[in-house]
Amino acid sequence: MKALAKLKKQPGIWMIDDAPIPEYGYNDVLIKIKKTAICGTDLHIYNWDKWSQNTIPVPMITGHEFAGEVVAKGDGVTSVDIGDRVSGEGHLVCGQCRNCRAGKRHLCRKTIGIGVNVQGAFAEYLVMPAVNVFKIPDSISDDIASTFDPMGNAIHTALSFNLTGEDVLITGAGPIGLMAVKIARFCGARRIVITDINEYRLQMARDFGATVALNVAPFKNQDELVKQMRKVMSDIGMTEGFDIGLEMSGINSAISMMLDVMNHGGKLSLLGISAGDISVDWGAILFKGLTLKGIYGREMFETWYLMTSMLQAGMDMNPIITHRLHIDEFQKGFEIMKSGQCGKVILDWSS
């Protein structure tokens, strides 16, 4: 089968035509891939950064955001049928630890990821345990379903705390941050402010309903950044700090600024992964009585039900997809992702 694989311990990703079709077991399904989306994780693997060097076995078929069709299944599978349109949870869990048995599978200590630790979705076929498969409702397109993984991250982050009527600060306007703008607006947030240094994506955030999308690139230090943020808050009629913070950047200066402008009793969901250690004002956390929640992946499968229900109720995520390419143009897709001048990039695996 055709697949995209990390074949060498250097930057790049390569197309192969002779990858074996994976074998499925008693409780597995075989999925024919129709659409995949390029994730920031895939870009890290492409660039072969320090995280990738320490994490990714080579060779490895990568990718974990997908939509496809079930074409075969093991004898033990009763939850899906051949012909079903599906996406799937890319975190594979043990099912036996305390968290798994308590229904908190997203907190499994033994989690492994498709396209990271085991064969991924950038291939014509993917094998996945049936318990990880999620049926796509007829009203949702394959393109949108292929973005369920990052959309689920955004849902989990944004809906960890009640957004309705609240003032929300989002740091980081990558695709997940942009999705969070859509979610916060759909759920009735009062004011939504988002920060980033990428003007293309900040304009997308404005189009998605952000009250203010602030380009923080011009500010030379933390004091200037906080001063400008307080001006923004005043300009839009805020008399207190932000109620909810959604941290999507993993950038120390963004996190420090967020802590500075949160209201007393504010709540923060932290999704952004830092490349190094983070230094924060511990006193601000204590004396403001802030609540911080780390976010990893999606709640299985409450997050999935929430996002499909919200899409069916009218939340429009189609504008997050800015580029659609055939799989033979995958190099162009990765170049677009590296440029940052995009939302989600979809790869079509049809013949």
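Using the three backbone atoms N, Cα and C, a Cβ is placed for every residue, glycine included.
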Site-mate of D196, R201, L271, G272, I273, I295, Y296 for NAD(+) in Swiss-Prot, selected among I176, I183, I285 = I176
Based on DSSP, name the secondary structure state of E65 (Zn(2+) 1 binding site): helix, strand or coil.
-> strand
If the Zn(2+) 2 site is taken as the center of the Cβ atoms of C94, C97, C100, C108, which further residues of that chain fall within 8 Å of it by their Cβ?
-> V93, G95, Q96, R98, N99, R101, R105, R109, K110, T111
Between C97 (Zn(2+) 2 binding site) and E65 (Zn(2+) 1 binding site), what C-alpha distance do you get in Å?
-> 26
C39, C97, I176, L271: which of these binding-site residues has the highest Cβ count within 10 Å of its own Cβ?
-> I176
Where does D196 (NAD(+) binding site) sit in DSSP terms: helix, strand, or coil?
-> strand
Residue among the recorded positions H44, H64 whose Cβ has the most other Cβ atoms within 10 Å | H64
